[in-house]
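Taking it in order: structure first as C-alpha cells, then the write-up.
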Amino acid sequence: MGIQGGSVLFGLLLVLAVFCHSGHSLQCYNCPNPTADCKTAVNCSSDFDACLITKAGLQVYNKCWKFEHCNFNDVTTRLRENELTYYCCKKDLCNFNEQLENGGTSLSEKTVLLLVTPFLAAAWSLHP
C-alpha cells in the first residue's frame, strides 16, 4: 500500500472514530424525585459526562452529572443537603445502590482523614 492508500485508510478510520464517538451518550439511572429504588435509565445530554448516586438520610438521588462537580461541596450545594454520601462514575448505568454502599464518599470519612493526617505527619517528623 502506497502513501495514497495509507492516507485513504487513515481518513476512513478518522471518520469512523468521529461517528462512533458522537453517537454514544452516557446512560445513567435518573429519577426526578429522590427514591430508594430508581430504575429509570436515561441517555444523558452531552453536557453530562458522569452518573451520580447520593444518599442523604432516607433520600437517594440518582442523576446525570458533570464529573467536574463530583466533589462534596458541589454535590451538597446543588442537592441542598448538608450530610450525604455520594458516588460518581463514568460508565453506563453505574449509579446504583450497591455502588454507593461499596465506594461512596461521606463527610465522616473525609473528616477522619483530615484530622488524622496532621498527627501522623507530626509523629513522623518527631521520630528519630
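Cβ atoms here come from the backbone N, Cα and C positions, even for glycine.
Taken verbatim from Swiss-Prot:
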DISULFID  Cys28-Cys51  disulfide bond
DISULFID  Cys31-Cys38  disulfide bond
DISULFID  Cys44-Cys64  disulfide bond
DISULFID  Cys70-Cys88  disulfide bond
DISULFID  Cys89-Cys94  disulfide bond
DOMAIN    26-108  domain 'UPAR/Ly6'
CARBOHYD  Asn43  N-linked glycosylation site
CARBOHYD  Lys66  glycation site
CARBOHYD  Thr76  O-linked glycosylation site
CARBOHYD  Thr77  O-linked glycosylation site
LIPID     Asn102  GPI-anchor amidated asparagine
SIGNAL    1-25  signal peptide
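Shown here: features listed in Swiss-Prot, placed on the structure.
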residue : record                      : Cβ contacts under 8 Å, 6 or more apart
Cys31   : disulfide bond              : Cys38, Thr40, Tyr61, Asn62
Asn43   : N-linked glycosylation site : Ser25, Leu26, Gln27
Cys51   : disulfide bond              : Leu26, Cys28, Tyr29, Cys44, Asn62, Lys63, Cys64, Trp65, Cys88, Cys89, Lys90, Lys91, Leu93, Cys94, Asn95
Thr76   : O-linked glycosylation site : Asn82, Leu84
Thr77   : O-linked glycosylation site : none
Fewest neighbouring Cβ atoms within 10 Å among the disulfide-bonded residues Cys88, Cys89 goes to Cys89
Taking the Cβ of Cys28 (disulfide bond) as the centre, how many other Cβ atoms fall within a 10 Å radius? 28
Residues with Cβ closer than 8 Å to the Cβ of Lys66 (glycation site), same chain and 6+ apart in sequence? Asp47, Phe48, Asp49, Ala50
Other CB atoms, at most 10 A from the CB of Cys44 (disulfide bond): 19
Number of Cβ atoms other than its own within 10 Å, given for Cys64 (disulfide bond): 21
